Amino acid sequence: MAALGLGSSVIVFDPLLLHFNSSIRPFAPKSNGPNTPISRHPPASALGSSLAATRPLPLRPRRSLRSASATMFTQNPVVSDILASALTGCIALSCLRFWNETAKRGLFDQKLNRKLVHISVGLVFMLCWPLFSPGSRGALLAASVPGVNIIKMLLLGLGIWKDEATVKSMSRFGDYRELLKGPLYYAITITLACIIYWRTSPISIAAICNLCAGDGIADIVGRRFGNIKIPYNRNKSVAGSIAMASAGFLASVGYMYYFSSFGYVEGSWEMVLGFWIVSLASAVVESLPISTDLDDNLTVPVTSILVGSLVF
């Protein structure tokens, strides 16, 4: 240890302390010259490299359900829509074949079997709508599925094509000419609702749900619990009309939530109220004698579209 006096100050040198402190040095970057100030902070490049080492990798943006459904099968939307149309056609055909088989085997009463076809086919078809891309191309290719059924109803109803199982499952009395009325109106309604309104409109939901679920359930319930008849139409029952309004409304709300999960519609209480008004109006019109004279497969969707245009 040595001491050096400078005026009134005394500086003490300890070799051991100097040796120990030499191993712990504050950060000082290499000087570029005698006049370059020495910084006590690390350079920005050093901070950047250390932060880059700990920074997480950027995440890929998540694709929305709507964009994902546009290319459900391939990255080419046209090919994807064609494949979606083929798959939807296979699903619809399988549904029809199932009910044709039940009609052949006589598992259900013929009228009940016909109404089960009536309820299921349109609703199952709507479940397949998210497979298609948005826009007119997707709507047209989706509508081609019930569009083919229009041609089938015409060929069967005119007697050009013979298919007893289909006639039995879709007609009231087994007459092939019946397919030119209710079943043909049914296919035309679903096709036009798909082309004109598509999945972004609550009108298409209301029209198809009241036609399929509402009208179908009304007949099933009315035949079993329809002891109290409507005064102005003895062919209709109070229980059937209540069941129609309820089933059409519940199905419409269910599909509202289904399509809103894909971002096609924005569900709201106002839309729910609109569905109730449309279903109630459709049930009232279905109970009128004019629906018996014409066909409820025609009057119900027309009412749903007209009233829906006012409330939505």
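In case you wondered, yes, glycine gets a Cβ from its N, Cα and C as well.
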Transmembrane segment per TrEMBL - which of 6-24, 82-100: 82-100
Tertiary contacts of the transmembrane segment (238-259) (same chain, 6+ residues out, Cβ under 8 Å): 123, 126-127, 129-130, 199, 202, 205-206, 209-210, 212-223, 225-230, 265, 267, 271-272, 275-276, 278-280, 282-284, 286-287
